[in-house]
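Positions annotated as transmembrane segment by TrEMBL: 27-50, 62-83, 95-112, 132-148, 160-176, 182-197, 204-222, 281-307, 328-351, 357-380.
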Amino acid sequence: MRLFRKTLNQFSPAKPRNIKVGIDNNILFAAILLLTLGLLMVYSASIAYAGKDSGSGNQYFYMIRHVMAISLGLVIGVLAFNLPTSFWQKNSNKIIVGVIILLIAVLIPHVGRLVNGSRRWLPLGLLNLQPSELAKIGIAIYMANYFCGKTLSFRKFRSDVLPVTITLLTICGLLLAEPDMGSTTVVFLIALTILFLSDLDVRLIIAMVLLGAVAFVLLIVFEPYRMKRVVGFLNPWEDSLGKGYQLSHSLLAYGHGGWLGVGLGNSIEKLYYLPEAHTDFIMAIIGEEFGVIGVIAVLVLFWIIFYRGFTIIASEAKRLPQRKFQGLLAQGISVWFFAQAIVNIGVSIGILPTKGLTLPFVSFGGSSILVNCIALAILLKIDYENKLVRQGVKVE
């Protein structure tokens, strides 16, 4: 109780009258609304599959597990908020090494869990840990720390650039070995964002972009199943019962919902038609039940988190002395949430090939919810510390 009391006191501490100190309520409320929507939609979208997958006909099977994940995520989020952001900076190397170890462990037979040809999960009793989710927050912390105190030069490639390049390629390579193209894309976007916003030689940025583009094309061309996904997303109706099945039913869900939707719980596509309705394609069910208006509302909530985090919190951190790490980390987290949401929605409406990415704060997935809550807590803590520093209070 003392820990929770301490956390609540930090939300509205007694400070000088002319400066308001606390957390960013806009981000907090947007995240709470997304978590609440996710809870409703996981129950609605999974109701048909829950009875079968539970083995006992329990239609609340997935909702109960989702409630547990949210509850655990909020508790861990409170713990993360109580840590100074300097903790993440000091331990960035340990964190990234831990992430790499977990990514290696998940690939080991009989250690990592194999599902649908992918080895992405480490079974830990009630929770299946997905190291790829930890890789997102891990790379954001590592890159922000690496670039916060130095101006890198293309001429010093071996000493300045090679270490971080090897780290990034190692993580991306391990993710592709699972295989998990979606998480690889998000990790690369986070890294590229922090690279672009750092004091880097422009030639390094161009080189990284070209390297990523070439690698992306090669991964598609030389992997038949990825090429099938690309072909399937370009024209899902050509093989609507084969490679275009999932996308065609996702589009049918949006079409059925129209502008205002058919109402909560009244989706047809969730009744064994649309695979992964409560995970990767939950946005299609939101579109069917709440219509275009509901989809726009979700996008607005993600935009609030992105705008407040990227432009306000991060910019303020960068203007303050010794806060560049916090600024880069805030921008990395903000881009991660928004980019993953855009990719998830883009996949469900057919403008991007299938990636296997969840919708942050909304989709079913324990690891995703836990890591999202940790990242949100860090973002809020950065804002809280910024306000303390502005009024002259020394933070750890």
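A Cβ is built for glycine as well, from the same backbone N, Cα and C atoms used for every other residue.
Counted over residue pairs 6 or more apart, the CB atoms of the transmembrane segment (182-197) and the transmembrane segment (132-148) come under 8 Å in at least three pairs, which marks the two as touching. For the transmembrane segment (132-148), same-chain residues at least 6 beyond its ends with a Cβ under 8 Å from one of its own Cβ atoms are 88-89, 92-93, 95-96, 98-99, 102-103, 120, 163-164, 167-168, 171, 175, 178, 180, 183, 186-187, 190-191, 194-195, 198-200, 324-326, 328-329, 332-333, 336, 365, 367-368, 370-371, 374-375, 378.
Panel annotation: around the transmembrane segment (160-176), residues 96, 99-100, 103-104, 107, 132, 135, 138-139, 142-143, 146-147, 150, 152-154, 183-184, 187-188, 191, 204, 219 of the same chain, lying at least six beyond its termini, place a Cβ under 8 Å from a Cβ of the stretch.
Counting same-chain residues at least six beyond the ends of the transmembrane segment (62-83), those with a Cβ under 8 angstroms from any Cβ of the stretch are 3-4, 6-7, 10, 35, 38-39, 42-43, 46, 49-50, 53, 126-127, 278, 364-366, 369-370, 372-374, 376-378, 380-381, 384. Outside the transmembrane segment (27-50) by six or more residues, the chain places 58-63, 66-67, 70, 264-265, 267, 270-272, 277-278, 282, 285-286, 289, 298, 301-302, 304-305, 308-309, 359-364, 369, 376, 379-380, 383 with a CB less than 8 A from a CB of the stretch.
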